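Encoded as structure tokens, the structure appears first; notes follow it.
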């Protein structure tokens, strides 16, 4: 059954890249779709506590806000990223969901300076397709999980001690992302804060995240898929002249093999693999190095400075 899900995932991502290549609108490519299909389709149980309607609505809303920030907020990149981070944090709090990929949906256009409305339209259509197809490959258990999740949130909100710990955790996340964004902009290495890495960092700050126990393997997996993305984008597409859609097929097959070999189905990894397909050849040239450094920094900080924080939810709780 899993291989059928892999195939469906490949078809959707391939369609996205193909349409972008045919129309010349690279902004149609939304790397976080790869993360969403891994979390929503490949995994037996979705890691995020969110309804199908909520997934579409929140992802679309945050992508729109990201474009609005680029178009109308004339501040330094660091400040714009922090505004996007605060906004998505408030959305997660108010909606009482754990759909962390909305952070990437909002921050990606900020980092890449995307102003076109093609981007949020693409996000809307792709998420509609994701939840529609999910109806045919799931056991219809999301609504029950969500009710249970609401009770967990309510219980935590009545606990003053846990609220305080959560505030400290969020403050540390804000400071960390702010500092790294500042230096990445200062030294012109903006992919150091590639949005999927920020999402991965926030997931890993949860002390109960199971991937914390395999942090070294996770770092290696991130580096491997970043190299694969670089090879197929620059080596196969740029130098060999193969069409982007064909390179995407090779990339996704390689990605899925890596997920199976490592036995680690961490959604942000998939987004990092696909991101080079959106970037220019100049941006991709040092992609593996920036991802490796950024990932190492984020994972190290998460492991050292977030040992005792109690997250609002356990994203990967069974």
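Glycine is treated like the rest: Cβ placed from N, Cα and C.
Curation plays no part in TrEMBL annotations; they are all automatic predictions.
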### Query
Which stretch does TrEMBL mark as transmembrane segment, out of 12-32, 117-137?
117-137
### Summary
Long-range CB partners for the transmembrane segment (242-266) (under 8 A, at least six residues beyond its ends), listed in sequence order, are 6, 9-10, 13-14, 17-18, 20-21, 34, 38, 42-43, 200, 203, 211, 214, 217-218, 220-221, 224-225, 228-229, 232-233, 236, 273-274, 277
### Query
How about the transmembrane segment (85-111) and the transmembrane segment (189-206): at least 3 CB pairs under 8 Å, pairs 6 or more apart in sequence, or not?
yes
## Note on the structure
Same-chain residues at least 6 beyond the ends of the transmembrane segment (53-73) with a Cβ under 8 Å from one of its Cβ atoms are 30, 32, 36, 40, 80, 83-84, 87-88, 91, 95, 97, 99, 101-103, 105-110, 113-117, 119-120, 123-124, 127-128, 130-131
#### Entry: When counting Cβ pairs under 8 Å to the transmembrane segment (286-306), the leader among 117-137, 189-206, 218-236
189-206
